[in-house]
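Chemist: I am attaching a structure below and will ask some questions about it afterwards.
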Amino acid sequence: MQAGITFVIPIGVYHMYKSLYFYVGSGKPSENNSASSQTAAPPDKENAAEPEPQQLRPDAVITGNLAYDLKLIKAAIGQNSDVNFREFVVRGFQARAVLMYVNGMQDEEQINKQVMQPLMMMDKQEGRGELLPDRLSCEYVKENLLPLAQISEAKDMKDLQESVLFGYTALLIDGMPHALYVGLPNGANRAITEPTSEALLRGPRLGFTEVLSENTSMLRRQGLNKNLEMKTYEVGNLMKKKLVIAYINNIVNQDLLQDVTERICKIDMDYIAESGYVEQLIEDNYLSPFQQTQNTERPDRVISALLEGRIAILLDGTPFALIVPVTFSMLLQSPEDYYERWLPGSLLRLMRFGASFMALMAPALYISFISFHPGLIPTELAISIILTRAGVPFPSVIEVMILEISIEILREAGIRLPKPIGPAMGIVGGLIIGDAAVQAGIVSPFLVIVVAVTAISSFSIPMYSAGITLRILRFAGMIFAAVLGMFGTILFFLLICIHLTKLKSFGVPYVTPFSPIRLGDWKDLYLRAPLSLMRRRPEMLKTQIKKRRGK
Amino acid sequence: MFKRTDDKITSAQAAIFLTNTVLGAGILTLPRGVTDVVRTPDAWLSLLLGGVIVMLVLLIMVKLSQQFPGHTVYQYSRRIVGTVPGAFLSLLLIVYFIIIAGFEIRVLAEVAMFFLLEGTPIWAIVIPFVWTGAYLLFGGINTIARVYQIIFPISLFVLILCYAFSIKLFELDHLRPVLSEGLVPVLKGLKSTVLVFTGCEVAMTLTAYLQHPKQAVKAMFMGIGIPLVLYLLTIVMVIGGLSLDSVTTSTWPTIDLVRSFEIPGFFFERLEFPLLVIWMMQMFCNFCSFFFNASLGISQVFKLRFHPVVFALIPAIFISVMVPKRINDVFALGDAIGRMGIGLFFLVPVLLSVVLIIRKKGLKQSV
């Protein structure tokens, strides 16, 4: 009978896992239908055109007849109250012209000085002897009239309408069958600030912003390198967004690059709100509690990852860039490890490994020692713990759960509180409730120590999302410990090891410097070896140029 | 490069695989098992001798396997002796692996119930353990080897630590006199020392998965050399620390040794707890190796898919765990396994090699 149960349950679990995996995976384009959506760009165009198919022919060209063009455009986008049409006359040619822009997204001063002024003030006499052509041509306007660096032409009517709505300032002149973009979108932006989720004591104070072009420029400004390549893709079916894949051309492994590009192209979503969307759509195993991309706000972190042979994915509208592939050890590293001298860097890193082990295992160990094996800890310690627990009416599992869950709630509440209230809640939550709970005899003081140490340990993990993973797993560990004591804790540890070993991030084994063992990469694992010793890029990424230094 | 097929292992991984297959129950049972038979402090001599014999056995197995690169014993046995006898030999091997797997878990459960979980029903210990093993098996040999690579250094570290601290108790006199009663007890001890190396039969399947099959002999010798050294250390330390008489009377002498001293100031005071932890992880590796080989065998002999076979073997292993009634039955089973191992050695590698040589040299057939 028992054998039967032993047999049936894993099959059930296995099938549940499989079906869950397929269910979750059904939202993602799988290998089978990849052929239908090889590139994201072409189908996008058609989808976007759908809302207004009656008003315009999709392949409408700009005729050069201003009145007709304008009518067409107004029919398509004129109903938006924030779209402005400024009509005027180009003085030298007596040609009618119109400027189109969206309120608040044009650069007022630049338009006035560099576009309106030359066009409206120009006289034939001012040509300084040059002969003016009878008709305005696009080239002439670009080359002689508008003193602008950033100027481009619209491809067709649809492109023109979309771009105007996106914030470009467009210029149409009667008799000229082209539309010119004379101003870039210039909406309100946040100033560049220090990255809040990854603050450092020592290191650049620069953090990414929401503007993609600023972010890529920050990457470029990290140093001169003509091999730093960035490729732009458009993602999102309904609302298109730009996505940039950045890598260093002569370092990155080409197979890896191809893999990443393919996965990006397969993204099929109507709107990509944040790089977290991208992360969830391109990761290898979407049922794993471990993240398979690293998100960061720091350009310096991105650049050093690129130099190791990794690939960065930047999305417009979010300050968080993704780094792939990620390995387990990266989650416990901070750029500061490299900025400080190697000895403190190594010690801090070792401490973080210890802290993450504590954050994962401490409550589980507490439960298994207290409930199952008090004999395994030193006798005096066991006695003092048991004395403090004498008044506690719950088994240790419930006791730990109560405190752990309230700590988690406290944490969650603290994130969203306005800054002035935050510390007050910390005092109420941490000090008053903790003390009162001990006084009331619900929990033992020793447990408060354990839980507090666990919480502090989990704060020391540099990646916020990695911390969340450990928090989830901590509860799983507590359940294992509650059922089978030390034996359960060992099983839990083994399960995590097995899972991590099976996990891959873009084809790179997740725990790679540990296993498969690459001793060369151990210099940058527990310890941060002196820079002079780190002569090679990580072996695991199979880069094209292995050495970091010239000689 | 990034999409490699995951069924090859490096030589280092193979060595660790074999080490983790062999190094297991013996850490706790070996000292008593040997001294029971030998009854002189020369137990370590029989272990050494046993190790050398096992290495020779291993050499035959590897050489045989190297004749068929990329094929496991389950596949090439039928090519040598024909489909039905080959399948029969493979089946013997599979049953043997299942019995050992059950035995390993049983020993683990007995120790866990004795030291950690008094009063817990045995199935509650066995079932999650088997399930965890099955989860590991789904990853294939590459994953298994890599998990071993994580676990083995931890085990090694703790084991060495334990023995390093027990040097305090070590007295050379306990190991003297050497060869007081001649070679006879040493040879008698061979029986039980060869037993601790049961499991080296996996070499016949491991060789097929090597990335560089030419290094197989080296890798396998490494794989058997590490446990040999560790076992030797165990016996020397346990007998030297506890003396012959107390070793023979205690059930788990190694744990008794580690229990018998305290390290003041250290959090655990006694190293018994870390030792038990790594021993359990080591047992897990042991069990998974046999489980994997049995599943692999069945799936290759009957040409089935691997995953259903793993599921089907879960209850089989569970039943083989539950067969022995008492702990003495378990030890009796252990001895029986040893005898089976010797029998299988003559049946499988020796027989196959002889047949192969006759067919190749004598009858000039191409196999």
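For all residues, glycine too, the Cβ spot is worked out from N, Cα and C.
Copying in the features that TrEMBL gives for the protein in this structure:
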type	residues	note
TRANSMEM	B:12-31	transmembrane segment
TRANSMEM	B:43-62	transmembrane segment
TRANSMEM	B:83-105	transmembrane segment
TRANSMEM	B:111-138	transmembrane segment
TRANSMEM	B:150-170	transmembrane segment
TRANSMEM	B:190-209	transmembrane segment
TRANSMEM	B:221-244	transmembrane segment
TRANSMEM	B:273-292	transmembrane segment
TRANSMEM	B:304-324	transmembrane segment
TRANSMEM	B:336-358	transmembrane segment
Chemist: Determine whether the transmembrane segment (B:43-62) and the transmembrane segment (B:190-209) share at least three Cβ pairs under 8 Å, counting only pairs 6 or more apart in sequence.
Modeler: yes
Chemist: Taking pairs 6 or more apart in sequence, does the count of Cβ pairs under 8 Å between the transmembrane segment (B:221-244) and the transmembrane segment (B:150-170) hit 3 or more?
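Modeler: Answer yes: the transmembrane segment (B:221-244) meets the transmembrane segment (B:150-170) with 3 or more Cβ pairs below 8 Å.
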Chemist: With pairs fewer than 6 apart in sequence excluded, do the transmembrane segment (B:12-31) and the transmembrane segment (B:150-170) have three or more C-beta pairs that lie under 8 Å?
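Modeler: They are in contact.
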Chemist: Can you find at least 3 Cβ pairs under 8 Å between the transmembrane segment (B:304-324) and the transmembrane segment (B:12-31), where each pair is 6 or more residues apart in sequence?
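Modeler: Answer no, regions not in contact.
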Chemist: Which listed stretch (B:111-138, B:190-209, B:336-358) has the most C-beta pairs under 8 A with the transmembrane segment (B:12-31)?
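Modeler: Against the transmembrane segment (B:12-31), the leading stretch is B:190-209.
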